[in-house]
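Trainee: Submitted below is the structure of interest, expressed as structure tokens.
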Amino acid sequence: MGRRFVPGSGILGDLRGRLPCYAADWRDGAAAGPAILAPSTFIFLASALPAIAFGQQLADDTGGTLTVVHVLVSTAIAGVAQALVGGQPLLVIGVAEPIVLIYGFMYAFAASQPSLGAPLFLPWAAWVCVWTAALVVCLAAANACALISSFTRFSGELFGMLIAVLFMQVGIKGIISEFRPPHGAPPPAPAPALALTANGLWALLTAAGLLLTASATRGARRWRFLRGWARAAVADYGCPLAFVAWTALSFAVRGVPGAPRRVATPNTWEMPGTWGVAARMRDVPPPFVAAALVPAAVIAVLFYFDHSVSSQMAQQPEFNLRRPSAYHYDLFLLGLLTLLCGLLGLPPVNGVLPQAPMHARALATMQAQANKASVKKVASRAALAGAEAADGAAKGAPAAAAAAASEEAVLVDGRGESGSVVPVMVNEQRVSGLLQSLLCGACLGLTPAIKLVPTGVLWGYFAFMSIESLPGSQFWERLLLLCTDPKRRHTVLERAHAVYLQTVPFGAVAAFTALQFGLLAGVWALTTYGGVASFLFPLPIMALVPIRQYLLPRVFDRAHLSALDAAEYEEAPPLPHAAALADAADAGLRGAPPPAPEDEAAEAAAEALDGEWHGLQLVRHVSEGEVRRRQRLARRAAMLGEAPGGGGGGGGGGGGGGGVAGGLSPTRRHSHEV
């Protein structure tokens, strides 16, 4: 017999689960000390820079009715509310690209109606927010988030990839726009072509520079340079430092008016207030009050899916979160925030991608991983560690040994190859979310400084966020697999890889990926080229859920579908070369039968020639045995107090070795293990 439906029971259940953790959320944040500043700064940039760019886009689409200031105010107010009274503290909320698109269509509609016009756009948008808030609150009270289990990896990763594509699109379109006159302004005089070219080239330089330096510094912990504390500082603060550095470098341009182009935002204290929007809502004609229900329904569907998926991706199993979720309560709070934003004449907010999972990763404790010859589930890491520690203590092992066993269990589980880093624990706290929201609010008093930021840096950061959201996406990994040379696909099995590569035929993997890519392309095309119908794009996104539940099981084998769409990321250890070839042949990863050993050796030798020339020096490989022999000779010479001059190659005696030592030969030797 099913459980009886009780309206609001999901909200109350979330409150009962999260309230006991509320004090600990603040204690853990305070206990982190100065270390909390790095993730706070990182996620602040991930929130503020898109807010600035979306504010500029809104200003263009709404004739200046909504600007950067409005987006920053909305982001700051909602972020502080989520940090103080929200359910999931890792969730990041702000104005998202879909809302910018929808508000652009709403303004175009309002401006085209004689009964509304541009002056009544904000009051009419307030009615849209009122309807949206009512629908979202009803969804939360109806326990609609109980269906969150239906939001599988298939739909979540497809939506995340759509956001990544849109972010990259914003970055590319922004750079292209730098070669054209500013929106609504004539080209600069006296040499417009030269000025536009200089501006575009500087935008390209700053965008590429920020993208490359931010991406490089994120992996600084794996560098072999600098001390450990310095590498950690570069990894933690490299992104904001790159932002400051490229902004400062942009001032090296002299003599070209208007280059590089910088952020155009009004000063906060010069902006006309929107606080009287609520009083003007009565001026909206009743038919348009009713018509506001149409965009409200679309936004409600978007918020239900986007907010839930953002929260879900911030709580992925590999993050090993210990505290309960709060999907129903967070959706209820989102409804109240939507109502508040509408009445204040601000654009509404919701959970944003990829910032939410980026926030969780920034707060993760990362440890190096060692490979293990068995398949392990990422989500079971903490439980496995605790169980082994307890078992060791029960058997009388010393506490240190039990702790070491626990640490080893943690280190060997997770994703990546040997020497990579994986998250083993996320600091679940509210301080970083509060700090980043307060910093967004502080930007309102720094609009003169914001005007110094070159727009090229914004476009580069959009590209960085797009690329930063790809690691961990199986959809992205499968796309790369399809683009891999069929003769090289077996090499994927020679490093840590997803289990389905060995259990699901390649044909099924390719068909599943092609279907997912086709759906992504369709939704993107509707969003980009759909015209008036573009504002309906949340509906096909929501349709992904029933497609996964009812259509895909009719197309794919259920066992294969379960492996390809598993909630947990299961990873297998690397295979030896021969085993990888055999398994690749069984799974159909190779486009042709495995080559004969002599053919494969010849192909490998031919391809190796591409790397034999280093600069102008020819490289000759030396066997491991020869290296060991030279080491023995060097040790013997050291014991006898002689120079190791006889360490030449092979039977040629000391001449070869002496020639190299004396600098008479241009040949460098690299050890090659055989």
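Placement of Cβ uses the backbone N, Cα and C atoms for every residue, glycine included.
What TrEMBL records for 643-662 is compositional bias 'Gly residues'. Taken from TrEMBL, the feature domain 'Bicarbonate transporter-like transmembrane' covers 10-179, 201-374, 424-567. Per TrEMBL, region 'Disordered' is recorded for 587-606, 640-674. The annotation transmembrane segment is assigned in TrEMBL to 35-54, 66-85, 90-112, 124-146, 158-176, 196-217, 288-305, 326-346, 497-517, 523-545.
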Trainee: Can you work out which residues elsewhere in the same chain, 6+ from the ends of the transmembrane segment (288-305), have a Cβ less than 8 Å from its Cβ atoms?
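Mentor: Same-chain residues near the transmembrane segment (288-305) but 6 or more away: 98-99, 102, 105-106, 113, 115-116, 124, 127-132, 135-136, 139, 144, 151, 159, 331, 334, 338, 348, 350, 535-536, 538-539, 541-542.
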Trainee: Can the transmembrane segment (158-176) be said to touch the transmembrane segment (523-545) if we require at least 3 CB pairs below 8 Å and skip pairs under 6 apart in sequence?
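Mentor: The answer is yes, given that the two segments have at least 3 Cβ pairs within the 8 Å cut-off.
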Trainee: List, by number or range, the same-chain residues at least 6 past the transmembrane segment (90-112) whose CB is under 8 A from its CB atoms?
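Mentor: Contacts of the transmembrane segment (90-112) (Cβ under 8 Å, skipping residues fewer than 6 from its ends): 43, 46-47, 50-51, 54, 57-58, 61-63, 65-66, 71, 74-75, 78-79, 82, 118, 120-121, 124-125, 128, 163, 166-167, 170, 295, 298-299, 302, 306-307, 310-311, 314-315, 321, 330, 334, 337, 347-353, 355-356, 358-360, 363, 426, 428, 433, 436, 527, 532, 534-535, 537-538.
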Trainee: For the domain 'Bicarbonate transporter-like transmembrane' (424-567), what does DSSP give as the number of helix, strand and coil residues?
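Mentor: Going by DSSP assignments, the domain 'Bicarbonate transporter-like transmembrane' (424-567) contains 109 helix, 6 strand, 29 coil.
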